[in-house]
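Report on the following structure.
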Amino acid sequence: MKRIAVLTSGGDSPGMNAAIRAVVRKANFHGVEVMGVYHGYEGFIDGKMELLDLGSVGGIIQRGGTKLFSSRCPQFKEDEYQLQGIKKMKEAGVEGLVVIGGDGSYRGALELTKKGFPSVGVPGTIDNDIPGTEYTIGFDTALNTVVESIDKIRDTATSHENSFIVEVMGRDAGDIALWAGLAAGAESILIPEEEYDIDDIISRIQHGIARDKKHSIIIVAEGVMAGNELAKILKEKADITTRVSVLGHIQRGGSPSARDRVLAGLFGAKAVEVLLEGRSGRAVGIKNHQVYDYDLEEAFSNKHKADLSLYTLSKELSI
Ligand code: ADP
Ligand code: F6P
C-alpha cells in the first residue's frame, strides 16, 4: 500500500487525536501516505479528506476530541453509500482505512472490508465496551474525570451531610460506574449488567447515617435509570432526600491521560502494521498487556463483559 486513510466515528473519546497521530507517523515511517477523512463515514461517502503530513499531527497528542471531527451517519448502513465512498477513496488512490470508533463504527469497517476495501478497527470509546480488548482509548481519561468530579461532590456532601446520586455515562456498559465507584468509595453502584436491590441501597444509606457517616455517594449508570428517577424512588420509599449530579458530556472531553495516549500510540501503530501486512477486517486490542489483532466481527458479535468481581468487591469495601 502507498496511501491509506484514517477516520474517527461515533462518540468521540479522549485519545483519538493521539491515535490519529500514531497512524500518520507509523505509516509515514514506512513510506506510506495518510489521508485524514473528515466527519467519520459522512466524509468517507463524500471523499472529504486531506493529506496528513508529519506536521499536521504535531501538537495534538495532548488534545481531547478529534481533529478529524466525528459523526453518526445512519445512511452508511446502506450498501449504496458504502460503495460510493469506496469509489471516492479509490479515485484518490487510497487503498486501506483505519477506523477509530466504537462497535457501530466497526460494523461499517467490516462492510467495507467485505466489499473489497481493506479496513481495520481501533477501539475509541469512553464506554470500554468493545469485546476482545480489555481497554478502549478514552476510558481511563473519562474514569479519572468522573473520579475527580465525585471527589469534589464528596467535599460538599460531607460539609452538608448529604447523600448524593451521581449519574454517569454508560447506556449498556457499567464500566465507568463500576470503576469510578470503586475508586471513589461509593456506597452503592448501579450498572446495567446487574439487577439493583433498592432495599440494599436504602439500608446502606441508613446504616451510614446510624454510624455517623457524613455523606453517601450512589453512582448510577445512565443505562439503569436517570439519577433523578432514583432520587424520586428513594424519597418515596424511605423518605431519603438526595442531591443529584448528572456528569454528562464532560466525561467525553479533556486532555487524554498518559495511559490513554500510550494505548492510542500502541493501537494506531498496530492498525497500520496490520494493513501493511495485507490483512484486513481486523480489530486491534489489548489483553494481558499484549497488543494484538483479532477478527472485527468478534468485536460486535460478542457482548462486552464488565469485570463483575469489582462489583462484588465494592460491596464488600463500602459497608
Ligand atoms: P460507535 O462507533 O461509537 O458505537 P455508533 O453506533 O453511533 O457509534 O456508530 C457510528 C457509525 O458507524 C454510525 O453512525 C454509522 O455511520 C456506522 N455504522 C453503525 N452500524 C453500521 C452498520 N451496521 N453498517 C454500516 N455502518 C454502520
Ligand atoms: O458511546 C459513548 C457515549 O458517550 C455513551 O456513553 C453515551 O450513552 C453516548 O455516547 C451519548 O451519545 P450522544 O452524545 O450522541 O448523546
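Just so you know, glycine gets a Cβ as well, placed from its N, Cα and C.
Copied from TrEMBL, the annotated features are:
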- ASP127: active site, proton acceptor (ACT_SITE)
- GLY11, ARG72, CYS73, GLY102, ASP103, GLY104, SER105: ATP binding site (BINDING)
- ARG21, ALA22, VAL23, VAL24, ARG25, ARG154, GLY185, ALA186, GLU187, ARG211, LYS213, LYS214, HIS215: ADP binding site (BINDING)
- ASP103: Mg(2+) binding site (BINDING)
- THR125, ILE126, ASP127, MET169, GLY170, ARG171, GLU222, ARG243, HIS249, ILE250, GLN251, ARG252: substrate binding site (BINDING)
- 3-275: domain 'Phosphofructokinase' (DOMAIN)
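Distribution of TrEMBL features across the structure.
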{"residue": "ARG21", "record": "ADP binding site", "CB count, 10 Å": "25"}
{"residue": "VAL23", "record": "ADP binding site", "CB count, 10 Å": "30"}
{"residue": "CYS73", "record": "ATP binding site", "CB count, 10 Å": "20"}
{"residue": "GLY102", "record": "ATP binding site", "CB count, 10 Å": "24"}
{"residue": "ASP127", "record": "active site, proton acceptor", "CB count, 10 Å": "27"}
{"residue": "GLY185", "record": "ADP binding site", "CB count, 10 Å": "14"}
{"residue": "GLU187", "record": "ADP binding site", "CB count, 10 Å": "22"}
{"residue": "HIS215", "record": "ADP binding site", "CB count, 10 Å": "20"}
{"residue": "HIS249", "record": "substrate binding site", "CB count, 10 Å": "10"}
{"residue": "GLN251", "record": "substrate binding site", "CB count, 10 Å": "23"}
For ARG25 (ADP binding site), the number of other Cβ atoms found within 10 Å of its own Cβ: 18
Neighbour tally for LYS213 (ADP binding site), based on other Cβ positions within 10 Å of its Cβ: 15
Nearest-integer angstrom distance between the alpha carbons (Cα) of ARG72 (ATP binding site) and GLU222 (substrate binding site): 20
Length of the line joining the Cα atoms of ARG25 (ADP binding site) and CYS73 (ATP binding site), in Å: 28
Cα-to-Cα gap, GLU187 (ADP binding site) vs HIS249 (substrate binding site), nearest whole Å: 24
Candidates GLY11, SER105, LYS213 (binding-site residues) - the one closest to THR125 (substrate binding site) by CA: GLY11
Distance-selected binding-site residues near ligand 1 (C-beta under 6 Å), from GLY11, ARG21, CYS73, ASP103, GLY104, SER105: GLY11, CYS73, ASP103, GLY104, SER105
In sequence order, those recorded positions of CYS73, ASP127, GLY185 whose CB lies under 6 Å from ligand 2: ASP127
Most distant Cα pair in Å, residues GLY11, ARG72, CYS73, GLY102, ASP103, GLY104, SER105 binding ATP: 14
GLY170 (substrate binding site) versus ASP127 (active site, proton acceptor) - Cα distance in angstrom: 6
CB-centroid shell, 8 A cutoff, ATP site GLY11, ARG72, CYS73, GLY102, ASP103, GLY104, SER105, site residues removed: SER9, GLY10, GLY40, GLY101, GLY108
Cβ contacts of GLY104 (ATP binding site) (under 8 Å, same chain, 6 or more positions away): SER9, GLY10, ARG72
Those binding-site residues listed as GLY11, GLY170, and which of them has the most Cβ atoms within 10 Å of its own Cβ: GLY170
Tertiary neighbours of SER105 (ATP binding site) (same chain, Cβ under 8 Å, six or more apart): SER9, GLY10, GLY40, TYR41, VAL99, GLY121
